[in-house]
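**Student:** Sequence annotations record features per position, and here TrEMBL assigns pyruvate binding site to Thr52, Val216. The feature active site, proton donor/acceptor is assigned by TrEMBL to Tyr143. Positions annotated as active site, schiff-base intermediate with substrate by TrEMBL: Lys173.
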Amino acid sequence: MASPKKKLQGLVAATITPMTEHGEINVSVIGRYVDYLAEEQGVKNVFVNGTTGEGLSLSISERCRVAEEWVTEGRNKLDQIVIHVGALSLKESQELAQHAAKIGADGIAVIAPFFLKPWNKDVLINFLKEVAAAAPALPFYYYHIPALTGVKIRAEELLDGIQDKIPTFQGLKFSDTDLLDFGQCVDQNRQQQFAFLFGVDEQLLSALVMGATGAVGSTYNYLGKKTNQMLEAFERKDFSSALNHQFCIQRFINFVAKLGFGVSQTKAIMTLVSGIPMGPPRLPLQKASREFTDNAEAKLKSLDFLSFTDLKDGNLEACS
């Protein structure tokens, strides 16, 4: 049975795929990206080629190239590098899984196929099992995101007896707001030592109470330090401080969500905060507007997430 060198836990950055202004992948900045996550944000686990990374908008060769660069640049700097290998084609998923194993990734994750959809648990498990078998030495994670896939099979149902079918199964990325389903995933599998990775950044504290062992999210690219402060407060049972940190994070996410917040806007914010050019998204996504970036920058500064020398005394929004 595959087992990670240590359990995947804590914050996992859902990485962005940097691109040139002409829409080509730009792997040349991934080394700087690794250093920024590890040194500036305190995030040492990554989830590559997922939704935030526009994985399903990349060609197979591009996905392989991006994965290779993360593994190469992350060696001895990152703790775990999980590669998302989900695709609409089983053969492509298997090819990507084999590649991840070949380059030395620490695990693979798979989203449910979402064009010709699995209609029940057994069909979905059969698909996942075939992908996992292509990389039998790697820990396998299921990426549950029903709002995007339209696959409404409950994660609790899927996990029931899953290791009998997929021996390498080690956990799931749960990107849904259904805390009943998430809680039952934890409650019904307490003996399994699975990684329960929550994927809704603005609700992470609620998931920690329910038993989340970690989190995968896009905001940890640039709010990792603040979110780690929340995790540390929760760990020492300082729930009031943890709640304050969560509310502070929510203020920013709530603000940008009202402006329209997705992969394009995440790339713009990461470029702004890190100074590393992430470039535009690939079509059909559109580049974030200048207005959005300016508004997001002002909000980050007002919350003290960015240095703001001109911030007036008495600002009531800055987070402690």
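Note: Cβ is positioned from N, Cα and C throughout, glycine not excepted.
Map these features onto the structure and tell me what's around them.
**Tutor:** Other C-beta atoms found within 10 angstroms of the C-beta of Tyr143 (active site, proton donor/acceptor) number 25, with every protein chain shown included.
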**Student:** Specify the count of other C-beta atoms within 10 Å of the C-beta of Val216 (pyruvate binding site).
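**Tutor:** I get 30 for this one.
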**Student:** Can you give me the same-chain residues 6 or more apart in sequence from Thr52 (pyruvate binding site) with a CB-CB distance under 8 Å?
**Tutor:** Ala14, Thr15, Ile16, Ser218, Asn221, Val263, Thr266
